[in-house]
Structure formats: structure tokens, C-alpha cells
Amino acid sequence: MAIHHWIALLVTLSLLLPALHASDGDADPIYRACMEQCEKTGCVGDKCFQHCKFTSDGKPIDGPWYMQEPLYLRWKQWDCRSDCRYHCMLTREEEREKGGDKPVKYHGKWPFRRVYGIQEPVTVAFSALSLAIQFHGWLSFFILLYYKLPLRPDKKTYYEYTGLWHIYGLLAMNSWFWSLVFHCRDVEFTEKLDYSSAVALIGFNFILAIMRACNIRDEAARVMVAAPFIAFVTTHILYLNFYRLDYGLNMKVTVAMGVAQLLIWAVWARVTQHPSRWKLWVVVVGGGLAMLLEIYDFPPYRGFVDAHALYHATSVPLTYLWWSFIRDDAEFRTSTLLRKAK
């Protein structure tokens, strides 16, 4: 779902920026002492890590720890520092809880508990569900167009935005897939793919909003409108991946495209006589209300469910409704064109 997805990215980035350098948790002297001790001894309390044992030249004994695990677990690639951070964080949070203190963030993130190596299991589950809903929505749209609605004599659809929505579906599924991967394991590679996929989706959604709201159907006109935006988004993605992952710049770019997109859909929903415009309004308003979950951020309940996880949960019904609107739009435009052809 277009509008809901970009709001998630914008708010996440805005909340992330102040915490990029340090958080209360990683500035805690007790946590820092635990980290130093762990990296020297390879242990946190009674728990020790094989991959924190090094030879005299600084190489891990027996090679990387994750290469000693079964194949299905090696994708985690947790190293000494990652495991030290995780277990020192859990140990410190247990101490804080006993002292009646509230949880704090470590390195910009709340203290989550892993499940089979997955960093944020509940968020991953909702991301996977959103991915499934995106696939269901795209597949049902495809079946509607090619098997239920009448086709032109050349077997093409009457609906003028078929190709654009197919591209949207593929970009949306790609974006949710990398969101799922990123919340499984936050490393530089997955972070860049998550942000790049989200920017590509936001940029295309902006183009799509202009095309549909302005009813641009001529191919030459579409190319003229889309070309500069595609060039800009492509340049921005290349900048993030190969020059610098600039969170501040990325936030400004996505905010500009996102706000413009939201205004276009809102204005069009206000002036159009589309029979399913109420669905568009629900998506716009619902996405805005769901944003409150990100604004009023709270620590994860029992180390699993935080505000961001619940935000991902709201994307499931809104995505379903968004694809319902897209199918209704296809039926509405097809019936309109068939009436004019008679």
C-alpha cells in the first residue's frame, strides 16, 4: 500500500536521526564495562562465545563462528561484538528492571529479544504478512484483468493503468521483502537494500499518483512526466549505496515525495466522483492515524512487541483495502470505456 509504506519510512528516519550517534543504553558505564570485558574474555556472566576467542594475530579460532553452525543458521553471521552487545544489553536490562527502571535504547534501538537469530521477530512476522497481502492483492488484480473483465480484440486490457499497477505490485513486494530481511538481521547490506527498495517504491508511487490523478493516458506524455523523476530517484539510490548513506538527505527526499504524493491522492479523492473513493480516504486517514504509533514510541513489551511492530500490523488491513481500491478502479474504468465504445 503506497501511502502507508512511505509514512513508515519517513517517521522511522525522523526518529532514528537523533539516535544515530549515541543512546542512553550504550552510554551506560555498566554496559560499556560489560562490553570491554566480553570482547577480552568472550564471556558475559556464565555465557561464553566461541567466536570471541582469538589467536595471537587477531583471527578467530576455528574461523568465523557462524561457519561452525548448521547451514540453515549461518545466515545470521553474528560476530563477537554483535553477541557481546546483545547479551550485555539483556544483562543490563534485567538489572534495570529489578531496580524499577524503564528500558532504554542501545545504539539507537530498543532492547529486543532474538528468536532463532531473528532480531525483531514480531515485526518480521507482520512484514511477512504484509508481503503475502501484497502478493495476494497483485495476483487478484491480475486475475481480475485477464480472466474476469473483457479484453480488447488484441487481448490487451481496457484499463489504461494496468502496466503501472503491475510495476507497483512488484516494487511493493520487493520493498516488503527487504523490510522483512532488514528486521531479521540489521547489517549495512540489508539496511541499504531496505532503504533503496523503499525509496524506489516511494518514487514510483509519486509518479503513479500523478498519472492516475491527472488521467495521463498518452504514452509519450507518461514518458515526459516520469523520466525526470526516475532519473532523480535512480541518482539518489546510487548516492546512498555507493557514496554515503546520508539519513538526513534521504529523509528530506522521501518527505518531499511522500507529502506531494499524499496531497495528490487526497485532492483527487476530494474532487473525483469515483465510486470507491471512500476506500482511498480510509487508506489516507488510516495511515495518518497509524503514524501515531511511531510518534508515541514505546519499548517492546517483553522484548518483542513495540510501537513499530504494531505499525507494521496496521499495514496489513490497509494494504488489503488499497488493492481493493485498485481492483475497483480497474472495473470502473473498464465499464466506463465499454459504455463509450457502444
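Note that the numbers count up from 1, one per residue, in the order the chain is shown.
Here the Cβ of each residue, glycine as well, is placed from N, Cα and C on the backbone.
Noted in TrEMBL for the protein shown:
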type	residues	note
SIGNAL	1-22	signal peptide
TRANSMEM	124-146	transmembrane segment
TRANSMEM	158-181	transmembrane segment
TRANSMEM	193-211	transmembrane segment
TRANSMEM	223-243	transmembrane segment
TRANSMEM	249-268	transmembrane segment
TRANSMEM	280-296	transmembrane segment
TRANSMEM	308-326	transmembrane segment
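Counting Cβ pairs under 8 Å that are 6 or more residues apart, the transmembrane segment (193-211) and the transmembrane segment (280-296) reach fewer than 3 and are not in contact.
Under 8 Å from some Cβ of the transmembrane segment (223-243) lie the Cβ atoms of residues 192, 195-196, 199-200, 203-204, 206-207, 210-211, 216, 249-250, 253, all in the same chain and six or more residues away from its ends.
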